[in-house]
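Listed in TrEMBL:
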SIGNAL    1-19  signal peptide
TRANSMEM  35-58  transmembrane segment
TRANSMEM  137-154  transmembrane segment
TRANSMEM  169-189  transmembrane segment
TRANSMEM  201-221  transmembrane segment
TRANSMEM  233-256  transmembrane segment
TRANSMEM  268-285  transmembrane segment
TRANSMEM  291-309  transmembrane segment
(Lines of atoms letter the chains of each structure in order from A and count residues from 1; the text may use other names and numbers.)
(Lines give C-alpha, C1' and ligand atoms only; values in the text may rest on other atoms or scores of the structure.)
Protein backbone atom coordinates (compact mmCIF):
# COMPACT_ATOMS: atom_id res chain seq x y z
CA UNK A 1 0.00 0.00 0.00
CA UNK A 2 1.80 3.11 -1.27
CA UNK A 3 -0.38 5.47 0.77
CA UNK A 4 0.41 3.64 4.02
CA UNK A 5 4.14 3.49 3.23
CA UNK A 6 4.14 7.22 2.52
CA UNK A 7 2.53 7.98 5.89
CA UNK A 8 4.93 5.67 7.71
CA UNK A 9 7.86 7.35 5.97
CA UNK A 10 6.70 10.82 7.08
CA UNK A 11 6.15 9.65 10.66
CA UNK A 12 9.52 7.91 10.79
CA UNK A 13 11.42 10.93 9.48
CA UNK A 14 9.64 13.28 11.87
CA UNK A 15 10.37 10.96 14.81
CA UNK A 16 14.07 10.62 13.96
CA UNK A 17 14.53 14.35 13.35
CA UNK A 18 12.76 15.23 16.61
CA UNK A 19 14.92 12.75 18.53
CA UNK A 20 18.10 14.09 16.93
CA UNK A 21 17.00 17.64 17.77
CA UNK A 22 16.50 16.75 21.43
CA UNK A 23 19.91 15.08 21.68
CA UNK A 24 21.72 17.86 19.80
CA UNK A 25 20.16 20.43 22.10
CA UNK A 26 22.27 18.98 24.92
CA UNK A 27 25.41 20.28 23.21
CA UNK A 28 24.14 23.87 23.08
CA UNK A 29 24.05 24.27 26.85
CA UNK A 30 26.66 25.72 29.14
CA UNK A 31 27.90 24.00 32.30
CA UNK A 32 25.16 25.89 34.20
CA UNK A 33 22.46 24.42 31.97
CA UNK A 34 21.68 27.72 30.22
CA UNK A 35 21.24 27.92 26.46
CA UNK A 36 24.00 29.67 24.55
CA UNK A 37 21.42 31.44 22.41
CA UNK A 38 18.25 33.41 23.14
CA UNK A 39 14.79 33.51 21.61
CA UNK A 40 16.38 34.67 18.35
CA UNK A 41 16.87 31.01 17.42
CA UNK A 42 13.09 30.54 17.24
CA UNK A 43 12.83 33.43 14.79
CA UNK A 44 15.72 32.14 12.68
CA UNK A 45 14.03 28.73 12.57
CA UNK A 46 10.88 30.32 11.13
CA UNK A 47 12.98 32.13 8.49
CA UNK A 48 14.73 28.90 7.43
CA UNK A 49 11.40 27.02 7.24
CA UNK A 50 10.06 29.82 5.05
CA UNK A 51 13.07 29.68 2.71
CA UNK A 52 12.89 25.88 2.47
CA UNK A 53 9.17 26.03 1.69
CA UNK A 54 9.77 28.67 -1.01
CA UNK A 55 12.47 26.50 -2.55
CA UNK A 56 10.30 23.38 -2.55
CA UNK A 57 7.35 25.31 -4.02
CA UNK A 58 9.62 26.64 -6.78
CA UNK A 59 10.71 23.13 -7.67
CA UNK A 60 7.14 21.83 -7.42
CA UNK A 61 5.82 24.39 -9.91
CA UNK A 62 8.78 23.71 -12.21
CA UNK A 63 8.48 27.06 -13.95
CA UNK A 64 9.56 30.52 -12.80
CA UNK A 65 6.47 32.15 -14.26
CA UNK A 66 4.08 29.73 -12.53
CA UNK A 67 6.07 30.09 -9.31
CA UNK A 68 5.73 33.89 -9.33
CA UNK A 69 2.05 33.62 -10.22
CA UNK A 70 1.48 31.21 -7.32
CA UNK A 71 3.16 33.54 -4.84
CA UNK A 72 1.33 36.56 -6.22
CA UNK A 73 -2.06 34.82 -6.08
CA UNK A 74 -1.78 32.90 -2.81
CA UNK A 75 0.51 35.12 -0.72
CA UNK A 76 0.69 38.74 -1.89
CA UNK A 77 -2.84 38.75 -3.25
CA UNK A 78 -4.53 36.82 -0.43
CA UNK A 79 -4.47 38.87 2.79
CA UNK A 80 -7.44 36.87 4.11
CA UNK A 81 -5.49 33.63 3.77
CA UNK A 82 -2.49 35.19 5.49
CA UNK A 83 -4.73 36.29 8.35
CA UNK A 84 -6.23 32.80 8.51
CA UNK A 85 -2.78 31.22 8.89
CA UNK A 86 -1.70 33.85 11.42
CA UNK A 87 -4.16 32.34 13.91
CA UNK A 88 -2.07 29.24 14.78
CA UNK A 89 1.08 31.37 15.01
CA UNK A 90 -0.55 33.69 17.54
CA UNK A 91 -2.07 30.80 19.48
CA UNK A 92 1.27 28.98 19.65
CA UNK A 93 2.87 32.19 20.96
CA UNK A 94 0.24 32.35 23.71
CA UNK A 95 0.79 28.64 24.45
CA UNK A 96 4.55 29.07 24.89
CA UNK A 97 4.11 32.03 27.23
CA UNK A 98 1.45 30.27 29.28
CA UNK A 99 3.64 27.17 29.56
CA UNK A 100 6.51 29.30 30.89
CA UNK A 101 4.16 31.02 33.35
CA UNK A 102 2.85 27.64 34.53
CA UNK A 103 6.35 26.24 35.00
CA UNK A 104 7.22 29.30 37.09
CA UNK A 105 4.28 28.72 39.44
CA UNK A 106 4.12 24.92 39.68
CA UNK A 107 6.50 22.21 40.78
CA UNK A 108 8.25 20.58 37.84
CA UNK A 109 6.59 17.20 38.46
CA UNK A 110 3.09 18.74 38.68
CA UNK A 111 3.74 20.76 35.53
CA UNK A 112 4.98 17.70 33.69
CA UNK A 113 1.92 15.61 34.52
CA UNK A 114 -0.69 18.28 33.85
CA UNK A 115 0.91 19.49 30.61
CA UNK A 116 0.50 16.02 29.10
CA UNK A 117 -3.25 16.71 29.08
CA UNK A 118 -2.55 18.38 25.72
CA UNK A 119 -2.66 14.87 24.19
CA UNK A 120 -6.31 14.08 25.06
CA UNK A 121 -7.14 17.76 24.49
CA UNK A 122 -5.91 17.41 20.91
CA UNK A 123 -8.09 14.31 20.51
CA UNK A 124 -11.12 16.25 21.80
CA UNK A 125 -10.44 19.15 19.43
CA UNK A 126 -10.18 16.64 16.58
CA UNK A 127 -13.61 15.23 17.45
CA UNK A 128 -15.35 18.61 17.86
CA UNK A 129 -13.61 20.68 15.18
CA UNK A 130 -13.19 18.05 12.47
CA UNK A 131 -16.29 15.96 13.36
CA UNK A 132 -14.38 12.71 13.60
CA UNK A 133 -15.05 9.74 15.82
CA UNK A 134 -12.55 7.72 17.80
CA UNK A 135 -13.19 4.19 18.97
CA UNK A 136 -12.98 3.21 22.63
CA UNK A 137 -9.67 1.49 21.90
CA UNK A 138 -8.30 4.65 20.35
CA UNK A 139 -9.36 6.73 23.36
CA UNK A 140 -7.69 4.18 25.61
CA UNK A 141 -4.48 4.43 23.56
CA UNK A 142 -4.58 8.26 23.78
CA UNK A 143 -4.76 8.25 27.59
CA UNK A 144 -2.21 5.43 27.75
CA UNK A 145 0.14 7.57 25.67
CA UNK A 146 -0.47 10.48 28.03
CA UNK A 147 0.55 8.34 31.01
CA UNK A 148 3.51 6.82 29.17
CA UNK A 149 5.00 10.20 28.20
CA UNK A 150 4.58 11.39 31.78
CA UNK A 151 6.52 8.40 33.13
CA UNK A 152 9.25 8.66 30.48
CA UNK A 153 9.91 12.29 31.42
CA UNK A 154 9.43 11.78 35.14
CA UNK A 155 12.21 13.08 37.39
CA UNK A 156 12.01 12.80 41.18
CA UNK A 157 11.71 16.13 42.95
CA UNK A 158 15.00 17.34 44.35
CA UNK A 159 15.39 19.33 47.51
CA UNK A 160 16.65 22.88 47.05
CA UNK A 161 17.71 25.61 49.40
CA UNK A 162 16.25 28.28 47.14
CA UNK A 163 12.70 29.18 48.15
CA UNK A 164 10.67 30.26 45.15
CA UNK A 165 7.36 32.00 45.70
CA UNK A 166 4.74 30.30 43.56
CA UNK A 167 1.05 30.80 42.87
CA UNK A 168 -0.43 27.33 42.17
CA UNK A 169 -3.82 28.75 41.16
CA UNK A 170 -2.16 30.97 38.56
CA UNK A 171 -0.01 28.04 37.45
CA UNK A 172 -2.98 25.70 36.90
CA UNK A 173 -4.86 28.44 35.08
CA UNK A 174 -1.89 29.08 32.80
CA UNK A 175 -1.38 25.40 32.03
CA UNK A 176 -5.09 24.99 31.25
CA UNK A 177 -4.81 27.79 28.69
CA UNK A 178 -1.59 26.26 27.28
CA UNK A 179 -3.24 22.84 26.91
CA UNK A 180 -6.27 24.31 25.13
CA UNK A 181 -4.02 26.40 22.85
CA UNK A 182 -1.96 23.34 21.95
CA UNK A 183 -4.99 21.29 20.94
CA UNK A 184 -6.79 24.12 19.14
CA UNK A 185 -3.80 25.42 17.14
CA UNK A 186 -2.76 22.01 15.87
CA UNK A 187 -6.26 20.95 14.82
CA UNK A 188 -7.02 24.39 13.34
CA UNK A 189 -3.93 24.14 11.13
CA UNK A 190 -4.92 20.62 10.11
CA UNK A 191 -8.40 21.83 9.15
CA UNK A 192 -6.97 24.64 7.02
CA UNK A 193 -4.57 22.23 5.28
CA UNK A 194 -7.25 19.68 4.45
CA UNK A 195 -10.16 21.98 3.62
CA UNK A 196 -8.78 23.12 0.26
CA UNK A 197 -6.55 21.95 -2.59
CA UNK A 198 -4.02 24.71 -1.93
CA UNK A 199 -0.45 23.43 -1.99
CA UNK A 200 0.99 22.38 1.35
CA UNK A 201 4.03 24.56 0.68
CA UNK A 202 1.88 27.61 -0.06
CA UNK A 203 0.14 27.07 3.29
CA UNK A 204 3.52 26.74 4.98
CA UNK A 205 4.71 30.00 3.42
CA UNK A 206 1.56 31.75 4.61
CA UNK A 207 2.00 30.47 8.16
CA UNK A 208 5.76 31.05 8.40
CA UNK A 209 5.40 34.65 7.22
CA UNK A 210 3.07 35.39 10.12
CA UNK A 211 5.26 33.25 12.38
CA UNK A 212 8.28 35.44 11.65
CA UNK A 213 6.33 38.56 12.61
CA UNK A 214 5.04 36.98 15.84
CA UNK A 215 8.45 35.63 16.88
CA UNK A 216 10.20 38.94 16.09
CA UNK A 217 7.80 40.70 18.44
CA UNK A 218 8.51 38.07 21.08
CA UNK A 219 12.27 38.39 20.57
CA UNK A 220 12.34 42.11 21.20
CA UNK A 221 9.89 41.97 24.07
CA UNK A 222 11.90 39.23 25.82
CA UNK A 223 15.51 39.95 24.87
CA UNK A 224 15.44 43.39 23.26
CA UNK A 225 17.90 44.99 25.69
CA UNK A 226 20.33 42.07 25.52
CA UNK A 227 20.20 42.01 21.70
CA UNK A 228 21.02 45.74 21.54
CA UNK A 229 24.00 45.15 23.80
CA UNK A 230 25.40 41.88 22.39
CA UNK A 231 23.91 41.53 18.92
CA UNK A 232 21.25 39.32 17.33
CA UNK A 233 23.53 36.31 16.82
CA UNK A 234 25.44 36.47 20.10
CA UNK A 235 26.47 33.02 21.38
CA UNK A 236 25.73 31.13 18.17
CA UNK A 237 27.96 28.11 17.58
CA UNK A 238 28.03 25.33 14.97
CA UNK A 239 25.94 23.19 17.34
CA UNK A 240 23.36 25.96 17.65
CA UNK A 241 23.03 26.23 13.87
CA UNK A 242 22.76 22.44 13.66
CA UNK A 243 19.93 22.45 16.20
CA UNK A 244 18.18 25.24 14.30
CA UNK A 245 18.48 23.25 11.06
CA UNK A 246 17.03 20.15 12.72
CA UNK A 247 14.16 22.20 14.15
CA UNK A 248 13.46 23.65 10.71
CA UNK A 249 13.41 20.28 8.95
CA UNK A 250 11.32 18.84 11.79
CA UNK A 251 8.84 21.68 11.37
CA UNK A 252 8.42 20.94 7.67
CA UNK A 253 7.88 17.24 8.28
CA UNK A 254 5.41 18.06 11.06
CA UNK A 255 3.25 19.89 8.52
CA UNK A 256 3.51 16.89 6.15
CA UNK A 257 2.44 14.52 8.96
CA UNK A 258 -0.53 16.77 9.83
CA UNK A 259 -1.51 17.01 6.15
CA UNK A 260 -1.48 13.28 5.41
CA UNK A 261 -2.22 11.73 8.81
CA UNK A 262 -3.57 13.75 11.75
CA UNK A 263 -2.58 15.66 14.89
CA UNK A 264 -3.10 12.64 17.12
CA UNK A 265 -0.57 10.65 15.10
CA UNK A 266 1.75 13.64 15.37
CA UNK A 267 1.47 13.31 19.15
CA UNK A 268 2.33 9.61 18.97
CA UNK A 269 5.34 10.40 16.78
CA UNK A 270 6.52 13.05 19.26
CA UNK A 271 6.21 10.52 22.10
CA UNK A 272 8.29 8.00 20.18
CA UNK A 273 10.89 10.73 19.61
CA UNK A 274 11.10 11.34 23.38
CA UNK A 275 11.78 7.65 23.96
CA UNK A 276 14.42 7.50 21.20
CA UNK A 277 16.19 10.64 22.41
CA UNK A 278 16.30 9.31 25.97
CA UNK A 279 17.80 6.02 24.76
CA UNK A 280 20.37 8.00 22.76
CA UNK A 281 21.16 10.02 25.89
CA UNK A 282 21.89 6.76 27.71
CA UNK A 283 24.53 5.86 25.12
CA UNK A 284 25.98 9.36 24.66
CA UNK A 285 25.70 10.96 28.09
CA UNK A 286 25.50 8.01 30.48
CA UNK A 287 21.91 8.67 31.52
CA UNK A 288 20.58 5.97 33.84
CA UNK A 289 17.46 4.02 32.83
CA UNK A 290 14.88 4.01 35.63
CA UNK A 291 11.91 1.77 36.31
CA UNK A 292 9.51 4.63 35.54
CA UNK A 293 11.21 5.19 32.17
CA UNK A 294 10.97 1.50 31.29
CA UNK A 295 7.29 1.39 32.26
CA UNK A 296 6.59 4.62 30.39
CA UNK A 297 8.34 3.29 27.27
CA UNK A 298 6.21 0.15 27.42
CA UNK A 299 3.01 2.21 27.68
CA UNK A 300 4.07 4.42 24.75
CA UNK A 301 4.85 1.39 22.55
CA UNK A 302 1.59 -0.38 23.43
CA UNK A 303 -0.45 2.79 22.86
CA UNK A 304 1.14 3.32 19.43
CA UNK A 305 0.30 -0.28 18.52
CA UNK A 306 -3.30 0.01 19.72
CA UNK A 307 -3.94 3.30 17.94
CA UNK A 308 -2.46 1.90 14.73
CA UNK A 309 -4.77 -1.12 14.58
CA UNK A 310 -7.02 -1.25 11.49
CA UNK A 311 -9.81 1.28 11.78
CA UNK A 312 -11.91 3.70 9.79
CA UNK A 313 -9.77 6.37 8.10
CA UNK A 314 -9.56 9.50 10.28
CA UNK A 315 -7.03 11.47 8.29
CA UNK A 316 -9.38 13.25 5.87
CA UNK A 317 -12.11 15.78 6.51
CA UNK A 318 -14.41 14.95 3.61
CA UNK A 319 -15.38 11.58 2.19
CA UNK A 320 -14.54 12.61 -1.35
CA UNK A 321 -11.25 14.21 -0.61
CA UNK A 322 -8.88 13.83 -3.54
CA UNK A 323 -6.13 11.28 -3.29
CA UNK A 324 -3.73 13.50 -5.20
CA UNK A 325 -0.81 14.75 -3.15
CA UNK A 326 1.76 17.42 -3.70
CA UNK A 327 5.16 15.97 -4.46
CA UNK A 328 7.17 15.82 -1.24
CA UNK A 329 10.86 16.53 -1.61
CA UNK A 330 13.23 15.25 1.05
CA UNK A 331 14.87 18.20 2.74
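A Cβ is built for glycine as well, from the same backbone N, Cα and C atoms used for every other residue.
Please treat TrEMBL annotations as automatic predictions, because they have not gone through curation.
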The transmembrane segment (268-285) in contact with the transmembrane segment (137-154), cutoff 8 A, at least 3 CB pairs, sep 6+:
yes
Within the same chain, where does the transmembrane segment (201-221) have neighbours whose Cβ lies under 8 angstroms from its own Cβ atoms, ignoring anything closer than 6 residues to its ends? I mean 6 or more beyond.
38-40, 42-43, 46-47, 49-50, 53-54, 56-57, 60, 70-71, 74-75, 78, 81-82, 84-86, 88-90, 92-93, 189, 192-193, 227, 252, 255, 326
Best-contacting stretch, by C-beta pairs under 8 Å, relative to the transmembrane segment (233-256) and drawn from 35-58, 137-154, 291-309:
35-58
Going along the chain, which residues at least six beyond the ends of the transmembrane segment (35-58) come within the CB cut-off of under 8 Å?
28-29, 64, 67, 70-71, 199, 201-202, 204-205, 208-209, 211-212, 215-216, 218-219, 222-223, 226-227, 232-237, 240, 243-245, 247-249, 251-252, 329, 331
Could you tell me what the rest of the chain brings near the transmembrane segment (137-154), counting residues at least six beyond its ends with Cβ under 8 Å?
109, 112-113, 116-117, 119-120, 123, 264, 267-268, 271, 274-275, 278, 290, 292-293, 295-300, 302-304, 306-307, 309, 311
Do any residues of this chain, six or more beyond the ends of the transmembrane segment (291-309), have a C-beta under 8 angstroms from a C-beta of it, and if so which?
137-138, 140-142, 144-145, 147-154, 264-265, 268, 271-272, 274-275, 278
